[in-house]
Amino acid sequence: MQVELAKSAGFCFGVQRAVDTVYKQIEENSAEKIYTYGPIIHNEEVIKDMEKKGVEVILSEEELKQIKSGIVIIRSHGVPKRICDLLDENGVRYVDATCPFVKKIHRIVEEKSRDGYHIVIIGNREHPEVMGIEGWAQGPATIIQTEEEARAFELVPESEKVCVVAQTTFNYNKFKDLVEIISEKRYDIIVLNTICNATKERQEEAYDIAKRVDAMIVIGDKRSSNTQKLFEICSNACADTYYIQTLGDLNMNQLRSVETVGITAGASTPNKIIEEVQNNVRINF
Ligand code: F3S
């Protein structure tokens with residue numbers, strides 16, 4: 001059997017940076033309580049390891065309000081501006097591990113909304129990154145995820161122009177389609193494609209491999225939106241696509257009759273898990 005591992009599988013730059021930030025804080029500030037605002041990445045294995053080292057995950061804004069000391073780490077998804085303001089007001093030290101690509105969107109949104117643009121965020125409104133981006137708008141902001149929503153979009157009366165940005169992990173083709181619908185309305189519009197290249201490259205490579213192989217394995221946490229998207233893309237190109245969190249979820253019997261297997265993994269999947277899956281598939285066949 002031939003096994004092909006995607007070069008772009010696993011941690012992206014922003015996630016690696018956020019994870020490294022947590023371990024660096026554990027090392028340098030062992031006397032202080034360390035918190036992360038939300039799980040630092042969507043990966044149970046990594047979170048468990050950090051918890052063992054004393055890191056506590058804060059799950060809500062209410063909980064965050066109670067924190068008066070220690071260090072709070074902001075994850076790569078970023079947060080709304082009011083969270084930074086809250087921490088400043090409470091005098092709590094925080095380390096901002098927001099991915100620089102997401103931070104750039106915050107700056108665009110803040111600046112353009114101040115200049116009178118109605119902000120449109122193409123993305124999933126349930127995703128913390130999108131909530132964070134929305135939280136930097138200084139005026140009207142609309143989140144659009146579907147074609148129906150794009151068709152129904154109207155500028156608020158006090159705005160004349162619109163600035164479109166995207167969730168970094170959004171599917172590029174869907175983004176293009178939604179932008180096309182909004183553009184038909186002939187508003188004064190600027191479109192900034194803020195989809196991260198790491199995501200696009202991972203998606204393109206995954207699709208490319210999935211087209212060629214008999215079976216495809218997508219590794220990542222079930223809650224990771226970019227892994228879900230990878231799974232969707234691979235499933236469209238290869239009917240035998242399996243979504244697993246760890247090696248334990250892989251049913252080797254399903255791979256018995258195939259000759260070629262492709263492997264890819266979401267942005268929050270540690271290398272250790274990817275290697276484990278790859279080695280076991282290779283050994284077993
Ligand atoms: Fe950043 Fe792109 Fe990763 S935006 S967190 S490098 S997917």
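Along the chain as shown, the residues are counted starting at 1.
Quick reminder: no glycine exception, Cβ is built from N, Cα and C everywhere.
No curator has checked TrEMBL annotations; they are predicted automatically.
Record check: TrEMBL places Cys12, Cys99 at the [4Fe-4S] cluster site, and the matching candidate among Cys84, Cys163, Cys196 is Cys196. Among the recorded positions His42, Glu129, Ser225, no residue has its Cβ under 6 Å from any atom of ligand 1. A Cα-Cα distance of 13 Å separates His42 ((2E)-4-hydroxy-3-methylbut-2-enyl diphosphate binding site) from Cys12 ([4Fe-4S] cluster binding site). Each of Ile41, Glu129, Thr169, Asp221, Arg223, Thr227, Gly266, Ala267 belongs to the same chain as His42, His77, His127, Ser224, Ser225, Asn226, Ser268, is absent from that list, and has a C-beta within 8 angstroms of the C-beta centroid marking the dimethylallyl diphosphate site. The shortest Cα-Cα distance between Thr168 ((2E)-4-hydroxy-3-methylbut-2-enyl diphosphate binding site) and any of the binding-site residues Cys12, Cys99, Cys196 is the one to Cys196.
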